[in-house]
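S.K.: Take this structure, written in structure tokens, and hold onto it; I'll ask about it next.
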Ligand code: PHE
């Protein structure tokens, strides 16, 4: 099947699709809570600094590599890396990482779908019970929700780049923005909401430690969908004369703006309902915030606005989270799917079938990691902690390999592709790029301190996660 490669029909199509990938569950809860716990405005400043000065150059490198080669990560690295083993490994890592992260993200998306279903069915009171989540994750109803989510994702992906990914993003992203704004307006009108805004925005530099800085970088990196081969793949669907540089900037700005705005929903909601909350006591885990804490907040809210209205607000919240998660999942599953299509010369629907089966099986295994199946619930012990299959996927791929993939693309641009060729690619569609400060900065940073910082993050994570040694 050697049809010519499909492309996004417009720059805005690409931007919405890439922003759809970037805006995910991390933006809605993980980012606002991390900011509030770790110095409020001070964290926001550091985060914005990382987005602009570390993440944007990597983003441009990924998009540039994709567009230059018109291939998905594996073949992109193989082609420009002249098929040397070292770069084939980088390409392989950029293909397997999204596959594994898709599994862990799929588990969470399926849970969100389950909660959405329950709130729509009028069961807010049930999901707000403290014991509900523990029972829910060990319930076989998971399978029904998994089937539904798989059908939705396949429905989008089988349409291909324009009729699938681009079209879905054009509908879903504006819907997401609208729901977010409606929720922010609603939450800000509650009594006491301003206490949350204060904790979120007032800077406290005394909270900034090495591990907070590391956390901010990891959050920014994940939030922009870097290191997962996604922007290489989407870059390969970008037309030759489209402007990568400005599109990349717009994607970064959109993602950061959504994360920031979500803080104006998440924190005020918490403090309006529980004014006595100590920010330090908020959970680091987005999972426990979304599935345990938030249902309780909505249930408490029914004392003020009534059960019906609180249920509607909860449904909008879970729908928002679901839309954010689906557009991210679509982008991440597209990476192994398109690699498979390319490598095996098979049709999109065949590739999707194979990926769908593989991801479903692994998702089922990962989802049974919470006690249902003992052998996946406790696979190994490292750094003194028993780990389930789900934990291993998060530790290895999300925490450890993501920054490694970022490091590899920097080294690739510096030593193999060469920075002048990278610049030439970014200049297509933006002929003024070589004269800009951004160009000088990107070429300098990507060849010097960005890989050093990522190497430090990588070593620190390996030491902390697998050996229990805190370096930073
Ligand atoms: N950027 C997403 C988020 O913030 C992360 C992600 C992207 C996860 C793509 C999976 C796939 O949640």
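Positions of Cβ are set from backbone N, Cα and C atoms, glycine also.
Just so you know, TrEMBL annotations are computer predictions that nobody has curated.
Straight from TrEMBL, here's the annotation block:
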type: TRANSMEM; residues: 12-35; note: transmembrane segment
type: TRANSMEM; residues: 41-61; note: transmembrane segment
type: TRANSMEM; residues: 89-113; note: transmembrane segment
type: TRANSMEM; residues: 140-159; note: transmembrane segment
type: TRANSMEM; residues: 171-190; note: transmembrane segment
type: TRANSMEM; residues: 216-238; note: transmembrane segment
type: TRANSMEM; residues: 250-274; note: transmembrane segment
type: TRANSMEM; residues: 307-330; note: transmembrane segment
type: TRANSMEM; residues: 351-376; note: transmembrane segment
type: TRANSMEM; residues: 396-417; note: transmembrane segment
type: TRANSMEM; residues: 438-463; note: transmembrane segment
S.K.: Report yes or no: does the transmembrane segment (216-238) come within contact of the transmembrane segment (171-190), defined as 3 or more CB pairs under 8 Å with a sequence separation of 6 or more?
M.R.: no
S.K.: Honestly, do the transmembrane segment (12-35) and the transmembrane segment (307-330) touch, with at least three Cβ pairs under 8 Å and pairs 6 or more apart in sequence?
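M.R.: Between the transmembrane segment (12-35) and the transmembrane segment (307-330), contact is present.
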S.K.: So, do the transmembrane segment (396-417) and the transmembrane segment (140-159) meet, by the test of 3 or more Cβ pairs under 8 Å (sequence gap 6 or more)?
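M.R.: Stretch pair does not touch.
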S.K.: Cβ pairs under 8 Å only, please: of the recorded stretches 41-61, 171-190, 250-274, 307-330, 438-463, which one is richest in them relative to the transmembrane segment (89-113)?
M.R.: 307-330
S.K.: Can you tell me which parts of the same chain pack against the transmembrane segment (171-190), counting only residues 6+ beyond its ends and a CB-CB cutoff under 8 A?
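M.R.: Here the qualifying positions are 16, 19-20, 23, 197, 258, 261-262, 264-265, 268-269, 272-273, 301, 304, 313, 316-317, 319-320, 323-324, 326-327.
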S.K.: Which listed stretch (41-61, 140-159, 250-274, 307-330, 438-463) has the most C-beta pairs under 8 A with the transmembrane segment (351-376)?
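M.R.: Highest pair count goes to 140-159.
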S.K.: May I ask for the residues of the chain that lie six or more residues beyond the transmembrane segment (307-330) and have a Cβ under 8 Å from a Cβ within it?
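M.R.: Distal contacts: 17, 20-25, 27-29, 102, 105-106, 108-109, 112-113, 115-116, 119-120, 122, 124-125, 149, 152-153, 156-157, 164-165, 168-169, 172-173, 175-176, 179-180, 182-183, 186, 225, 290, 294-295, 298-299, 301.
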S.K.: The transmembrane segment (250-274): which same-chain residues, six or more beyond its ends, come within Cβ distance under 8 Å?
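M.R.: Same-chain residues near the transmembrane segment (250-274) but 6 or more away: 15, 18-19, 22-23, 26-29, 31-33, 35-36, 44, 47-48, 51-52, 55-56, 59, 176-177, 180-181, 183-184, 187-188, 190-197, 199-200, 223-224, 282, 293-294, 297, 300-301.
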